[in-house]
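*Asks:* Below are the features listed in Swiss-Prot for this protein:
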type	residues	note
ACT_SITE	His63	active site
BINDING	Tyr346	heme binding site
Amino acid sequence: MAQTNGVLQEPAITTMNGAPVLKPASTQRIGNQLRATLLLQDINLLELIQHITHERIPERVVHARGTSAHGYFEVTDDISDVTSAAFLNRVGKQTDIFCRFSTVAGRAESAETVRDTRGFAFKMFTEEGNLDWLFLSTPVFPIRDGAKFPSFTHATKKNPRSGLPDHKAFWDYFTHNQEGIHFLMFLFSDRATPVDFQHADIFSINTYKFTKSDGSFTYVKIHLKTNQGVKNFTQDEANQKAGVDPDFQTRSLYEDIENQKYPTWDVFAQIIDPVKAENYHINIFDATKTFPFSEFPLRKFGKITLNRNVDNFFAEQEQSAFSPTNLVPGWALTPDPIIQTRALAYADTQRYRLGANFVQLPVNAPYKKPFTPLIRDGAATVNGNLGGTPNYFPSSFYNVGAATQYAQPDEEQFQGTVVNFESEVVDADYVQPRIFWEKTLAEEPGQQDNLISNVAGHLSAVTGDKGLGSSTSGLCNVR
């Protein structure tokens, strides 16, 4: 837009059908006075009021509080020996990305520096379609049985009667689901109060597969290490910042990018050979566990740089939609029960929030135009709907081009009886939490004391001897 004396010269304001509005702030009424009756024929007023009553969309169930940016992924090291993904096939190759960073439990306007896991979602616009990464700031997840996700979510949110934080429900949940103790210890360390998104490491949580065109595959976990250094608040610092500037982490990321202090992360793959995984003492599909770097070293293959803020917060950040089912050749899901559950939940919640055609929104649309003759119609179809192309397959009236041929990966072999399975907590579930306490935190001065203080502060809101005693039972099992 042109500027006059530093002021943008915009076109005249119009109604939604494009007709000019003479006085946008005026209303049609009988008589030139404030007490006069308004007229229903005032189209501008009708549009303004009817739109504002519909301009909000459903809030995300989790990860409601977030911020976004644009950037790119660059291949830094050759990794073509383990994956045929086209966006990884050449050192120096760059792929545009869009990211959304978030807290997990809080509502859309909640404070950002509170104790919580951070979500890191990346959408990569590759030449073979969009690849979505849905990662977290903790290397482990609180559950490994997908059916527990609703209970975990409810227990970490507010009381259904009072609408207030329910610390007793929180601790009661973890008392009965102690496979989450490893996650719980990360949550009450200073790692769960990062200064901002730029100063946090990022983890895939789930196990994925790298696949090759010859049908071979390896298992992989992804790690992103911040180049800004890891920086965390103490509980008191986080509380103070939440009260003074609840938008601090959004502001920090936005201002860094505006000031060309572009945040970057190095991207690593932790490769796990399928043969070794078969008999390894840790189930590679257990999201509550990590894998030692001494046996499965990190292998660098890329770098992420964020270098552009969004042009419109609602159109991009709020309407962005991510799903682990957004995959490309060379990258695949595994039987990890949590990633399988997430595969169902993410796309489904976006259809609820944004409608059946959320992928057509510019922030979500792949650079390569999809050809989906079997997926048509629905509210807000804006991509031409493939015109008169038959909406069934096969058809005598159009020829479908051949897709690039990829050998079907040699999948895991499964044989058994259908059962209702729920994992059980065993002694091995306390091994890694114990290592985290005795080694990881012990090597960082003051971190063991901070964890104890953070837990004690949270437990102080749990009333009743029974509630307090049962709440600490899981942590006592770590020692």
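Just so it is clear, glycine is given a Cβ too, placed from its N, Cα and C backbone atoms.
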*Asks:* Looking only at C-alpha atoms, tell me how far His63 (active site) is from the residue listed as 'heme binding site', rounded to the nearest Å.
*Replies:* 11
*Asks:* Around Tyr346 (heme binding site), how many other CB atoms lie within 10 A of its CB?
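*Replies:* Around the Cβ of Tyr346 (heme binding site), 18 other Cβ atoms lie within 10 Å.
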*Asks:* Report, as a single number, how many Cβ atoms besides its own are within 10 Å of the Cβ of the residue listed as 'active site'.
*Replies:* 23
*Asks:* Indicate whether the residue listed as 'active site' is helix, strand or coil by DSSP.
*Replies:* coil
